[in-house]
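What Swiss-Prot lists as (6S)-5-formyl-5,6,7,8-tetrahydrofolate binding site is 24, 81, 120, 456, and the listing cites sequence analysis. The domain 'TrmE-type G' annotation in Swiss-Prot covers 216-379. The feature GTP binding site is assigned by Swiss-Prot to 226-231, 245-251, 270-273, 335-338, with sequence analysis given as support. For 226, 245, 247, 250, the entry in Swiss-Prot reads K(+) binding site, with the evidence type sequence analysis. Taken from Swiss-Prot, the feature Mg(2+) binding site applies to 230, 251, supported by sequence analysis.
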């Protein structure tokens, strides 16, 4: 696979003024541009300081010129970088000079796209470049760097290699029936299949954690009217984002607030109080609240610790558990601890349920416990050298692969259908290939790289 032969150019540094600005060129005309702009032959992979010339030999700027002949460059093509002063006018003049020499303006992400097309990066590594640039916390940046260095891709590659080995064994048995391999009696296929499924499950769990660090966690605040949901939102946001009154049902619609906790992005959603009501508008708000609960990464179920219902909070709204079937993603918040006198604390039950006693109003007592808990849910303390950045599309691909393997196992154990297992293995391999770009449509590639910065 090779990239187009046009030569592209773009400003690679951020818009605005700065001490240094970089113009990047990639393609067959890079060597021509290097000599025309610097006025001399450039030694590959050396930094040359000097003037940058226009077509009539006027000096446009001065700085460093670096020439990287392909394939030993970022894109795999001939690459020229001009590092001058970071003023927008100077950079525009340099870019205009590149266009005069036959270059065209690069599309967003086109340099990374060419690196992918020339096998310098796989798709997950290319996406990690954008993730590293956009990282909103040190942990997210570390994860993105590990993905750029190939940590995620290597995990996917290992899974793919195991699937290929399994496919070879299964398809050989199908193609050569005279060997009379009994899949079930053999036990080899089932053992290999379960090994891949277990490893895939681990990668999917770690990818989910990486996606939370990259995209941010959606936290929905739910509970009865007047439990203190809006007060909790305001306390987390550090401002009066929601109206707070003593009137039950003040919040009737979804209210979203984007906050950061030590650089970790959270999308906090305040919802209407859960109760039966004849008010048409409030009823719509309750329906939207239940929908938001079902889509949340984490639910904070707020109860008024002074109310009798606090003794059995999960019984206060039956539809709640139906909407949020995974209790492990629900944190119980016992609010108004300043009124009950109960200690500010975080407790974990034997079954793993987390309860935090706090006061959303009284100087935010207990908020630090909640913030630390939310950071832990996002993997803030995760220091594993194997952690990596992941995107939602990666999670979908991993889930599709997992579903295919589950289906294939059922075909094998319930029906002994080796032919159907072979097809499920093929689908699982294709889903994994979509992560690294081994199997990707042109439309998908276009959407991914168009989201990059120009010059990357």
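Positions of Cβ are set from backbone N, Cα and C atoms, glycine also.
When the neighbouring Cβ atoms lying within 10 Å are counted for each of the binding-site residues (229, 336), the highest count belongs to 229.
Neighbour counts of Cβ atoms within 10 Å were compared for the binding-site residues 226, 230, and the top value is held by 230. The Cβ neighbour count for residue 24 ((6S)-5-formyl-5,6,7,8-tetrahydrofolate binding site), using a 10 Å radius over every protein chain in view, is 25. For residue 81 ((6S)-5-formyl-5,6,7,8-tetrahydrofolate binding site) paired with residue 226 (GTP binding site), the C-alpha to C-alpha distance reads 60 Å. Cβ-based neighbour count (10 Å, all protein chains) for residue 272 (GTP binding site) stands at 27. For the pair residue 24 ((6S)-5-formyl-5,6,7,8-tetrahydrofolate binding site) and residue 229 (GTP binding site), the Cα-Cα distance reads 51 Å. Here the CA atom of residue 230 (Mg(2+) binding site) lies 13 Å from the CA atom of residue 336 (GTP binding site). Note: the CA-CA distance between residue 229 (GTP binding site) and residue 120 ((6S)-5-formyl-5,6,7,8-tetrahydrofolate binding site) rounds to 50 Å.
Summarising the environment of residue 120 ((6S)-5-formyl-5,6,7,8-tetrahydrofolate binding site), the number of other Cβ atoms within 10 Å of its Cβ, over all protein chains shown, is 20.
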